[in-house]
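K.L.:
Below is one structure. I have some questions about it.
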């Protein structure tokens, strides 16, 4: 608890610096990552982050120490080379995109590891710092590092904000952008540059191997809460900052822990919560909606069956007769009967089931929708009467009162459907 | 040049591993699942650590079972995220492998006092130590390096797996709907392939490291794919490439005093980019033949 208060009251200026850095890095990579997620190029970020390793080593060799400027430029150039190669390979060979990405990722990482083992055998004491790039160590960020990485993040955030419209076009409709005169190739190039920069900056905190999470996960999680771009970006940035700070806190409390894995765990936790519980698109919500829909279809079918029996001058149906109408659905029918009896739509008299007044109105509505749709398909779509039933079976559960009114108007309040059955409107039609 | 037994053993092991990986990789590539292979090789890490923790030894059955289970879990998680939560494929791969790998790294750090596994060993492996790590029976009989036996066993399993299920694998790779019409359980075949990939990853990770396994899974098949047109030739060329990669990789690493596994990947990369330059569409332009102009279609 003392650690907690010490960390979150920012008494220590170095903690303030680190948290500030994490916030900037998180926002930068979440913004870029959300765009690449929407562009369906999320794994390119993974390839770039692995491909950066040789560049870091070259930068280290040239500088002879862990100089951030050399390392950032080395990393940038090898990231750029990887991006360029993946585009080139895609245009000039028959390989599929995921093969290309996996190839580039593993070859560059292999070369990076060769360089790193060679460097380790060279016995330079500074080399120990290089390992932090593989799993990230946010606590180890010095003030000079922070100025460079934070500054780069600020530039990324600024450019993305200023050119939001252009990047939006690139992600959602590049051909339209081209048609109205935007230089789409240039915009894509700039975006690739920003993506590489974001990766270069992010690895300081999260490491080469797990960088993909910082790019992909915030956007993917935020996508479950909103359909609009601005809230999406803000939410992704928020998720990424929260996990960044929590991850840094854990590696502050447990010093031997690298930051990267904890940031990823917190991010994934947020993502899994979003996938499960988000309204509209979460797993739970969709399962519930599906269940309700199925329940409604079963109830509608039962009402329809009872109504048809009344049309044939049969006042009641026994439960066994209903079972024969819809075989294989005995459980569902039992549930529907219970539910309808509760709503007072039907009266259950021992094994006999009768529609109540209220039930008749509802049953009429469903039959009316079914027959209206059949007539609409037959008259307006020129579909033969013996082919319209299947579609009407589905649409009867979906048609809204507004659509019903439109159909009625368009078909001029018909009385008979294509099978010469009455389209019921009032009690009298029965 | 005298016969160097250690060199021979390392090259033999390297070839066995790269052929097993390559052959499985061909099917992964044809199914457009190369990145899933990458994800699996990252995701087995927690399984390895837990298996190690439970059994207290790196060479136990628990490690292989743990990794195999995690590999299957990763495949199911990717599928689940895609189908149940409707996350797009690339993002579900990214989320799955980063989460599982992160958990693995955290576990290594938590058990660091007890488990003799470090991050570097998991990442790069070290095939150079292979001749020291001998399999000696209780009666004191020296049977040679343990990892070579492991790689041989794995090679045997992979070849057996491919030989037995060749028809099913081919059919599900090229035409999944047709294969399900014929009654072949495409999902089951897919899971079996993924389990083989996880098993191969585990038995190779000590020597080439979890991440470099990916290179052997992806790069030789991709290179061979540029040169061949039939599946049999693709498999043969992949295997031949695997052997070349092991030989050149070893001698280059020996010469530059560097990581053998890393060098094998570097060699594979050189082969790949060379092939891409020779066989790419760019080459046709270079040779002076122009492709026919595409007709203007609306």
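The first residue you see is number 1, and the count goes up from there.
Glycine too: its Cβ is placed from the backbone N, Cα and C atoms.
Automatic, uncurated: that is what TrEMBL annotation is.
Under the heading transmembrane segment, TrEMBL lists B:6-27, B:39-57, B:63-81, B:93-113, B:147-166, B:178-202, B:208-227, B:234-254, B:260-278.
So where do these features actually land, and what's packed around them?
P.N.:
Within the chain, the transmembrane segment (B:6-27) has long-range Cβ neighbours (under 8 A, six or more residues past its boundaries) at 34, 37, 127-128, 130-131, 144-145, 147-148, 151-152, 154-155, 158-159, 162, 169, 173, 193, 196-197, 200, 204, 207-208, 213, 216-218, 220-221, 224, 231, 234-235, 238-239, 241-243, 245-247, 249-250, 254, 260, 264.
Long-range contacts of the transmembrane segment (B:63-81) within the same chain, counting only residues at least 6 positions beyond its ends with a Cβ under 8 Å from a Cβ of the stretch, are 36, 39-40, 43-52, 54-55, 57, 87, 89, 91-93, 95-97, 100, 190-191, 194-195, 197-199, 201-203.
Same-chain residues lying 6 or more positions outside the transmembrane segment (B:234-254) and placing a CB less than 8 Å from one of its CB atoms are 7, 10-15, 17-19, 21-23, 25-26, 128, 216, 220-221, 223-225, 227-228, 260-268, 271.
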K.L.:
So, taking each listed stretch (B:39-57, B:93-113, B:147-166, B:178-202, B:260-278) in turn and counting its Cβ pairs to the transmembrane segment (B:208-227) that are under 8 angstroms, which one gives the highest count?
P.N.:
B:260-278
K.L.:
Do at least three C-beta pairs under 8 angstroms join the transmembrane segment (B:93-113) to the transmembrane segment (B:147-166), pairs 6 or more apart in sequence?
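P.N.:
Taking Cβ pairs at least 6 residues apart, the transmembrane segment (B:147-166) and the transmembrane segment (B:93-113) are not in contact, as fewer than 3 fall under 8 Å.
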K.L.:
Short question: which residues 6 or more past the ends of the transmembrane segment (B:39-57) have a Cβ under 8 Å from it?
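P.N.:
Distal contacts: 63-71, 73-75, 78, 93, 96-98, 100-101, 103-105, 107-108, 111, 114-115, 117, 122, 194, 197-198, 201-202, 205, 210-211, 213-214, 217.
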